[in-house]
């Protein structure tokens, strides 16, 4: 049976180098499951694989979208499942790596068939969010779908807005489209989680932010600043520097905020991943143990 090896873990843990070693060991390409590496022109802030790394191993789902393109976990599921059906014709084991929790779950479990939202409805809601804030949109969700209102992370404006988009477009509660039925995949899924001691991970995150700044993150963010309203740029590393460009923060404060928000995101990732009993955890330096585990799983 064909296999999909998923190397996952928090930001900054060291997934990239290990994924290259695993891919080379099993003769596999790498599929990125990082929701921001999909976009062009953001290689530094998204820690995208370098040209040298992409020369070592063929990569997919990296630098394929414009900043203005709308893309969701549902799109990712469709694209990656289709890609795997082609790759598995000649490559029995394929590696996927990244830390975008929803994207990984989309490939492993599938996403319910939610209607596609029209640009007019999406634009209207984001305009309302920009002018009025999230409170009236939350109130609309509570009225239209009290079940999902109780379940959704009400601080996550993207999820709140998406639910209201569906309610407006269909006239039905967003929750009515959710079945929570796991889809069957025609391949074995092997999940390997990477984690480090908390202090070690925090130090790596801080050092990585400093390295990104030395490699030109400030200039990369400045080029993206005219597009700051786009969802593709509502991400750690850019939104903080946008506050510096607007005069709201000093550069030192913006950099400290990037480090802090990256650490917070890493904790959120681990909270999500720790709920999954299918993940076998390793320290990234335990390469031989990881290879042994994978060799036993891939038959």
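The chain as shown is numbered from 1 upward.
Here the Cβ of each residue, glycine as well, is placed from N, Cα and C on the backbone.
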Practice prompt. Examine the ranges 34-37, 38-41, 42-45, 46-49 and name the one recorded by Swiss-Prot as region 'Interaction with substrate tRNA'.
Written response: 34-37
Worksheet item: Any idea what the Cα distance is from residue 11 (ATP binding site) over to residue 100 (site 'Interaction with substrate tRNA'), rounded to a whole Å?
Response: 9
Fill in: Local Cβ density at residue 12 (ATP binding site) - other Cβ atoms counted within 10 Å
23
Worksheet entry | Remaining residues near the recorded substrate site, that is with C-beta within 8 Å of the centroid of the site residues 11, 12, 13, 14, 15, 16 | 9, 10, 47, 99, 194, 204, 284
Item to complete: Would you kindly list the residues that approach the region 'Interaction with substrate tRNA' (34-37) from elsewhere in its chain, counting only those six or more residues past its ends and only Cβ-Cβ distances under 8 Å?
Response: 45-49, 61-63, 71, 73, 76, 98-100, 102-103, 232, 235
